[in-house]
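Colleague: What follows is a structure written as structure tokens; I'll ask about it next.
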Amino acid sequence: SDRKTVSCPECGKCFTSRTYLNVHKKVHTGQTYSCSECGKSFLSRSHLNTHLRTHTGEKPYSCSECGKCFTSSAILITHKRIHTGERPFSCQECGKSFSYRSVFMEHQKIHTGEKPFSCSDCGKCFRYRSHLKVHSRIH
């Protein structure tokens, strides 16, 4: 990759900017910002401020295509892929592409065979949490 990176002196993880590195360093120091409403902790003040909108209901970022509103610009950018058809996450195994990283990561389990969700009653394992929930109804 041609992009310059900076690495964490503590663990070696690489980042594309010093700003991201500085946020990451808080993992090692334990410095966090906590929500006064629910106690959830964040590594950056901006992530806390975005989270606080879930309590206030504020959604200042709106989609110019459909008018749907969001708590952060990052979520809006991801949402816009619905309208553009952009699918930036491609599977190296089968070529299938995805709009959302989370869906792509779930898809990868098909190829790895990973089944991280197990039934506490019978031990049967599932690839997806939703499949475990459906299965749990039989017990």
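A Cβ is built for glycine as well, from the same backbone N, Cα and C atoms used for every other residue.
Below, the features straight out of Swiss-Prot:
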| type | residues | note |
| --- | --- | --- |
| ZN_FING | 6-28 | zinc finger |
| ZN_FING | 33-55 | zinc finger |
| ZN_FING | 61-83 | zinc finger |
| ZN_FING | 89-111 | zinc finger |
| ZN_FING | 117-139 | zinc finger |
Colleague: Across the whole of the zinc finger (6-28), what does the mean pLDDT come to? Round it, please.
Modeller: 91
Colleague: Let me spell it out: take the zinc finger (61-83), skip the flanking residues so only those 6+ beyond its ends count, and list any with a Cβ under 8 Å from a Cβ in it.
Modeller: 50, 53-54, 99-100
